[in-house]
Amino acid sequence: PAPVKPPDGGWGWIVLLGCFVITGFSYAFPKAVSVYFKELMKDFHVGYSDTAWISSIMLAMLYGTGPVCSIMVNQFGCRPVMLIGGLLASSGMILASFTTNIIELYLTAGVLTGLGMALNFQPSLIMLGTYFDKRRPLANGLAAAGSPVFLSSLSPLGQVLLEKFGWRGGFLIMGGLLLNCCTCGAVMRPLDMGMKRKMGKAQDKYEAKEMLPIEGKSEEGISTTDGTKKAKKVKKKPKKGKKLLDFSIFSNRGFIIYTISKFILVLGLFVPPILLVNYAKDTGVPDTEAAFLLSIIGFIDIFARPACGVVAGLKWVRPHAAYLFSFAMLFNGLTDICSARASNYTGLVIFCVFFGISYGMVGALQFEVLMAIVGSQKFSSAIGLVLLIEAFAVLIGPPSAGRLVDALKNYEVIFYLAGSEVVLSALFLAMATYCCLNRGKKKEP
């Protein structure tokens, strides 16, 4: 049956606004929490790597629970899942404000809040994909802009809350802010399915012809009443299948190439922004100015993501979005490598400007490229499986970087390592796309 045509507007703009807020919390919150790490290290007598686990667990829950979110969305719908997620995310931060050791912080701020944000993030992207088609690159770019907007505001806000109320009061207020996720979940109205019913008997005949086996019985199924009953019985099967993950996407070479490149990318992508504030503080930068560095990244990122979404939506660019994505990753990795020796505040500001541009391009394109590869019908399963695979990279990347900082007391090596991983992912995506996909298309005709 033909799916409901995306309106590319209307209530979709409200859905886009909700996705904007959810994306902002999901990606900016784990980074903004790093403002509290210095105080947590003093109170709990732990090192960089121990506190970095808080952000890593949040991101790992955001990614690792992808298949669970896909199944829940297919069974219950986006709106109920997002409402539950908002309550979990808020309760996690509120409980974290009463913790007495670092393990309890892992379970509350890490696991519970991370799970809540995961139950909001994935359904919001699925809803965005159902409401937009022609304007989808622009919609993805605008929704992705929520991350820098929230990062540029949550980081200074966290510093202010830390100075006035301490880290416990800051966590409590942050938990209250996360209740806005419930409001965003409430506006995720499913597309009107009445459009399918208007097709009437012609639609039923088409469904019967498509679903019955092609052995000469399809015509009988259309013309006889027995056939229509069989068609209705067969129609029920795909509805049951929607509750499970569609593993057939692993037969798509483009999906496999995308997944491998994203795994390598995530190993190094989040390391610089997570360690940036502590690095600046160790070089003698005041706390307020150190927190402002994340705001610089966020401010540049705000304009980079929608602009990249507009470029990706151009007719001559959209078919080659994978190459634009690989260029964005290459730009990001080279920025990390070239800025590894930044030892003063001016150098760090320059790094933040270029990192914000490249990071915004990556953020605007990552899900657009995935939607283009697998299509909107299989996107809910594809994103769940991709996020699960990326979860392992998230658990390896930032904590390993924290271990190296504790051992070497040198951030230069960390920036070189993170940048090299991002560059490797860019080269792999571009070369594999050209060799495996483009050449395959030429041979098929």
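Glycine is no exception: its Cβ is also placed from the backbone N, Cα and C atoms.
Computed from a predicted structure; not experimentally measured.
Pulled from TrEMBL:
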DOMAIN    12-437  domain 'Major facilitator superfamily (MFS) profile'
TRANSMEM  12-33  transmembrane segment
TRANSMEM  53-73  transmembrane segment
TRANSMEM  80-99  transmembrane segment
TRANSMEM  105-126  transmembrane segment
TRANSMEM  170-191  transmembrane segment
TRANSMEM  255-280  transmembrane segment
TRANSMEM  292-314  transmembrane segment
TRANSMEM  321-342  transmembrane segment
TRANSMEM  348-367  transmembrane segment
TRANSMEM  379-401  transmembrane segment
TRANSMEM  413-437  transmembrane segment
For the transmembrane segment (80-99), sequence-distant contacts whose Cβ falls under 8 Å of one of its Cβ atoms, 6 or more beyond its ends: 22, 25, 69, 72-73, 105, 108-109, 111-120, 123-124, 168-169, 171-172, 174-176, 178-186, 188
Dominant neighbour of the transmembrane segment (255-280) in 12-33, 53-73, 348-367, 379-401, by Cβ pairs under 8 Å: 379-401
Close approaches to the transmembrane segment (413-437) from elsewhere in its chain (Cβ under 8 angstroms; 6 or more beyond its ends): 253-254, 257-258, 260-265, 267-269, 271-272, 275, 322-323, 325-330, 332-340, 397, 401, 404-405
Remote residues contacting the transmembrane segment (379-401) - C-beta distance under 8 A, at least 6 residues beyond either end: 49, 52-53, 55-57, 59-71, 73-74, 118, 122, 125-126, 129, 245-247, 249-250, 255, 258-259, 262-271, 274-275, 367, 370-371, 373, 414, 417-418
Top Cβ-contact partner of the transmembrane segment (53-73) among 12-33, 170-191, 292-314, 348-367 (pairs under 8 Å): 12-33
